[in-house]
Amino acid sequence: MSTPRIPNILVTGTPGTGKTTLAAEVAQATGWKHINVGEWVKNYELHQGWDDDFDCWTIDEDKVCDALEELMVEGGCIVDHHTCDFFPERWFSLVVVLTAETSVLYDRLTKRGYSEKKLKENMECEIMMVVQEEATDSYRREIVEVLPSNTVEEMESNSQKIAGWIAQRRGG
């Protein structure tokens, strides 16, 4: 239960808001480790089985936290996942919540081939600001940063902001 030696960042938001793209870009620019929790769940069997209704794995939160603990204590990780309330608060120094306008999000999720049920559920989550509320309920408000992710320009700006945040913690 140690505190990270180097800060970690959590990038969260409704599916389709650009979490993985942002996390990968920042990791590449800074040399930090990108951890896509969805990929870890699949690759390391950190799940309780397949959910046919939502066409995805049912995550085992305890297994995920156990699998990530050592990396989180080491620090320098950018974790990307669509929910955030089960991660230990001590892991993160910055929590980035990405948002998208519903028209943009709808187009992105439709291109992914989401079922009508999954599409509706995710659209409702974004409209009701579910992930943003989870983040502000689970972490100190001063470390939660809500950023729009609708356009290429916004996405580039977000990447630069986070890379700048990392550079400040490195002392330059």
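These residue numbers are counts, starting from 1, taken along the chain as shown.
Every residue gets a Cβ built from N, Cα and C, even glycine.
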Stated TrEMBL location of region 'LID', expressed as one of 111-121, 133-143: 111-121
Range annotated as region 'NMPbind' - as stated in TrEMBL, picked from 36-59, 60-83: 36-59
Chain residues in Cβ proximity to the region 'NMPbind' (36-59) (below 8 Å; excluding those fewer than six residues from its ends, i.e. six or more beyond): 20, 23, 67-68, 79-82, 114-115, 117-118, 121
Intrachain residues whose Cβ lies under 8 Å of the region 'LID' (111-121), provided they are six or more past its termini: 16, 53-55
Where the record names Gly16, Gly18, Lys19, Thr20, Thr21, Arg112 as binding ATP, the maximum Cα to Cα distance in Å: 15
Model confidence over the region 'NMPbind' (36-59), averaged pLDDT: 93
